[in-house]
Amino acid sequence: GGGAAMADGEGLLSVDYEVHGKVQGVFFRKYTQGEAKRLGLVGWVQNTSHGTVQGQIQGPPARVQELQEWLRKIGSPQSRISRAEFSNEKKIEALEHKEFQILK
């Protein structure tokens, strides 16, 4: 990691995530949305039928990494994260979402 300058040349990143643990019924989606908005990221978050939370993050790589760390270690105050998995990481030309949404 180098300087914190917002270089236009670094492009945009898209990554899918799934968080395991006690992450439903603890406002995990609301807090994830809040953190993503604070970081200026777009994407979505939703509960799954098997008790995890999944979604997609898009934005500048450094900010995406910040949210990945947050999903891995912090989460909402009442949550207990056992693990966070990230997949389909790829560079994108433009953001595919307008905002960060909570999907039902």
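Here the Cβ of each residue, glycine as well, is placed from N, Cα and C on the backbone.
Residues annotated as domain 'Acylphosphatase-like' in TrEMBL: 14-104.
Annotated active site per TrEMBL: R29 (among others), in sequence order. The Cβ of R29 (active site) lies under 8 Å from the Cβ of V45, Q46, N47, V53, I102, each of which sits 6+ residues away along the same chain.
Residues or ranges marked as active site in TrEMBL: N47 (among others).
Packing around N47 (active site) is summarised by its Cβ count: 18 other Cβ atoms lie within 10 angstroms of its Cβ, all protein chains included.
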